[in-house]
Amino acid sequence: MDPRRASWEESSTEDVTRPLLLPVHGDRPAAAGRRSCSALTSVLANKYLAVAAGPLACALICALGDLGGHPAARNMLGVLAWVFLWWITDAVPLGVASMAPLFLFPAFGISSADAVAKAYMDDVISLVLGSFILALAIEHYGIHRRLALNITSLFCGDPVKPHLLLLGICGTTVFISMWIHNTPCTVMMMQVATGILQRFPRDQLEGGGADARELQRFSKALVLGIMYASTIGGMATLTGTGANIILVGMWSTYFPEQRPITFSSWMSFGLPLTLVLFVALWVTLCLKYCTKNTGRVLSAYLDRNHLRRELSLMGPMAFAEKMVLAVFGALIVLWMTRSLTDDIPGWAVLFDGRVGDGTVTIMMTTLLFIIPSGKNDGEKLMDWGKCRTLQWHIILLLGAGFAIADGFKSSGLTDILSSGLGFLKGAPALAIAPVACIFSGLITEFTSDDATTTLVLPLLAELGKSIGVHPLLLMVPGTVGAQLSYLLPTATPGNVVGFGTGYITIKDMVITGMPIKLVGIAALTILLPTLGSLVFGMDSKM
């Protein structure tokens, strides 16, 4: 954000919220009316109604709800409504709302304080925490920008080939998003897009000629491509998005005796799905936004030399960048080889299965605070001051998801839901799986994918048990469906970043995102019972 704009917004906010210093004389009706209007404005601006909605919904459910004489289950349903309303209304910051189970669960007799607190720190949380710190190191040294410029310059073409340029930028975004969270990836790559779009004169973009329309279409394609590619890339790995982490945590919570979902097993399923969606995205962008004249128009403003000049200004790769990449590469190898197959167990067998993906993530992240940066004496690759922008709200949201999963079990709400869904027992599993994906995919357009996954997975886990199918046949579609968030800006923070550029509209998102969403549902329906059954061992009995 422009520092001047940030300063202006800050001063504007202070002006609105600062109390009046001059006294107001008289009791005129107009003054009273203004005071009443000001009070109403204050209530709305401070979201007091949204704050009250959570406790009110909880009180109504606890007072009027009847779950067959199960007060703990009824209380759990009320607490879930409280937390969910705070999530979707932004009544309080996301991290604060995610901490609510820490006092609500003990207060309503759902679980003890120690039990709910343990859900906020386990191996999965360690994996996310370490990944965020590594992402901060990559961002701090500009490695993401160097990688983006290198790959993009290969695809630019001379003269410009729009199809290849979109392929390179979207492909780079997908690759980066596989290893860091979707939102920072979108922000990083949108900077690269901005550098390209700024080459187009504003008067040309706002003009009504044929060339102007070509520039407008390509600008839309570039922003939409980065926005959607970031979401698509996050599906490939556990670290790419919080939704996958929530699935792993809830799977181990509900079914601890079953084969765990590891980094390598998820990538074996997620990467093919990602490739299918990436191809669908690229084809959609090319067909809708690129014509035979696009390359000719772009050649007047953009060429490969522009990207190479930016890259040359960054200079050669420094020692610190090389070491961060080395740590990152070693961590990926450790992730991929911890658990391989039943015949080839992986290096975790050396530790009797006591280590997890979070173990090695924290271990490799610790090296960043030990290895010198090579710049100043005593300076390390990372220090805690560089970690002040850690996304603690995401970590707390994951912890809340695991706590809710535990609460469903301990309160008995899962048993009630299981008995209530018995009428679905005769439905074919392959017909229910895409329905679960569509159900989750609709909810995610109005709230975040992490929150959607947190809410639907406990229900889908119980549904799988009640109809007699492997729960992953429903939990995986629920997780993937939550990430098919392509239609509205509210679906994910990455969509907000793209929408905020001003180059796209909601209509553009719906028209472009709908075919990709349909391809995702179709690909999941085909891959899950075939490749997914092999990878996750869904043929085995529960």
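Even glycines carry a Cβ here, placed using N, Cα and C.
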Transmembrane segment per TrEMBL - which of 37-54, 73-90, 163-180: 163-180
Feature contact check the transmembrane segment (518-538) with the transmembrane segment (124-143), CB under 8 Å, 3 or more pairs: no
Dominant neighbour of the transmembrane segment (222-249) in 163-180, 269-290, 390-408, 486-506, 518-538, by Cβ pairs under 8 Å: 163-180
Closest-packing stretch to the transmembrane segment (518-538), where packing means Cβ pairs under 8 Å, from 163-180, 269-290, 347-370, 390-408, 486-506: 269-290
